[in-house]
Amino acid sequence: MTTIKLHNTRTRTKEDFVPIDPDNVRMYVCGPTVYDRAHLGNARPVVVFDVLYRLLRHVYGPEHVTYVRNFTDVDDKINATALARKQAGAEGTLEQLVQERSDETIGWYLHDMGALGALEPDQMPRATRYIDQMIAMIEDLIAKGHAYEAEGHVLFAVDSWRDEYGKLSGRSVDDMIAGARVEVAPYKKNPMDFVLWKPSDDELPGWESPWGRGRPGWHIECSAMSYELLGESFDIHGGGNDLMFPHHENEIAQSKCAHPHGEFARYWLHNEMLQVEGKKMSKSLGNFFTVHDLLDQGVPGEVIRFVFLQTHYRKPMDWTEKKAREAEATLRKWRALTAGIEPAASAAPAVIEALADDLNTAGALAELHRLASDGDAATLLASARVLGLLEPDMGAWAETDGVDLSAHADRLSRVRAEAMQTKDFSEVDRLKAAYLAAGLEVRMSKDGVELVPGAGFDASRLEGVE
Ligand SMILES: [Zn+2]
């Protein structure tokens, strides 16, 4: 059996992955807060952990892997939208309007991530369905002396776990107090103490609890849901490296204190962030866009996925239009090469070896390039599918729907030759504009005319172009 090596944030080394139970390999990944469309950066962990999920299924068998990714549907931004709708006269209770907003956003999320070829996790728990389990865990933490109630809040007492707190991200509690922006509140015993439960007023959704009507803090949901669905010890915990502190530190503190005999997660994986054209993506820089925006502009989901896979998950990834164009050209070539071919019985060993080496997706793509240049279409197809590429249901964008592009190129070439004589180029311009509008790149040289499908090529737009 292939040995997978993974870089474990907890030990800061690349380790052989040894599952607790090879018949049930368990992975938990922190999912999105569902208040709006996912931006491109949100999609990175989805693709990274989808590749790991596919690799685990490949090595251990699809029925022996359990992947859980949560939806955070308790959040002030969701509340704000729901409250605005209620004040505008929408029907239903605030809790119902919150749920309506979350349902809508979850639908968008699953659609957009599906377009990137991400398999749906086995379980996608929503925080609001696990409130009872969170309350039980908080009560347990209070009973064990790791949490305390103050002014309607319940806080985790960091001092009760002082020697362990901060180990994942490699800092001491004193360093954290000095360096972090912590919310100072008079009822906190230590400024690093974090909220497990907080009170809700009438304008906020809330649930009855031993501490009054309120709602859970963010961190407790992952501890409660991972325990409920995967047990007190599981294999892999993943997320973006922006979650390492405080979110993951707090998850560890809660889970290990509530279940002192469990290990919580053995292997911690963190992906690096995403940039756009060399800059951090932000609304103020005007380079902020969602996955939906890109899909809408005609960038195929498979192309986005390919660009992501070119960079190792522990390195910052730079999204550029140039990379997207090149990825599209490569995929178009590979799709043409593998059209009508049955995939080989197994993927190329070199592709699996690259992935098993801490998800070296760039190395795996290099192997795919090699297979393509060797003309081994069947192995290329089988290997690409381990990476979630060249899947049959993701290729509609690359189809020319039987349109004969060379006939169009010949027509433009003929019209151009006539225009050279008459000096009237209006017909050339008209045709060229129609081809560009269909997403074709028009290359004219003295040797002739070539029409190349570009980003967003839509064969249906060529109907009626005469
Ligand atoms: Zn989490």
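Note that Cβ sites are derived from N, Cα and C of the backbone, with glycine treated the same way.
Per TrEMBL, Zn(2+) binding site is recorded for Cys30, Cys222, His247, Glu251. Neighbour count (other Cβ atoms within 10 Å of the Cβ, all protein chains): 22 for Cys30 (Zn(2+) binding site). In the three-state DSSP reading, Cys30 (Zn(2+) binding site) counts as coil.
Look at TrEMBL and you will find Lys283 tagged as ATP binding site. Annotation note: Lys283 (ATP binding site) sits in a helical segment as assigned by DSSP. Here Lys283 (ATP binding site) comes close to no residue that lies at least six apart in sequence on the same chain with a C-beta under 8 angstroms from its C-beta.
Annotation source TrEMBL lists domain 'Cysteinyl-tRNA synthetase class Ia DALR' at 350-398.
Outside the motif ''HIGH' region' (32-42), and at least 6 residues removed from its termini, the chain residues within Cβ reach (under 8 Å) are 71-73, 75, 77-78, 81, 101-102, 105-106, 108-109, 112-113, 273-274, 276, 281, 288-292, 294, 304, 319. The motif ''HIGH' region' annotation in TrEMBL covers 32-42.
Among the features that TrEMBL reports, motif ''KMSKS' region' is placed at 280-284. Model confidence over the motif ''KMSKS' region' (280-284) is summarised by a mean pLDDT of 86.
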* Sorted by position, what residues of the same chain at least six away from Glu251 (Zn(2+) binding site) have a C-beta under 8 A from it? -> His219, Cys222, Ser223, Ser226, His237, Phe264
* Excluding the flanking five residues on each side, which residues at least 6 beyond the ends of the motif ''KMSKS' region' (280-284) place their CB within less than 8 Å of a CB in that stretch? -> 39-41, 273-274
* Structure fact -> Out of the binding-site residues Cys222, His247, the residue with the smallest number of other Cβ atoms within 10 Å is His247
* To do: For the domain 'Cysteinyl-tRNA synthetase class Ia DALR' (350-398), give the DSSP counts of helix residues, strand residues and coil residues.
  => 37 helix, 1 strand, 11 coil
* Structure fact -> Close to ligand 1, in the sense of Cβ under 6 Å, among Cys30, Cys222, Lys283 as binding-site residues, are Cys30, Cys222
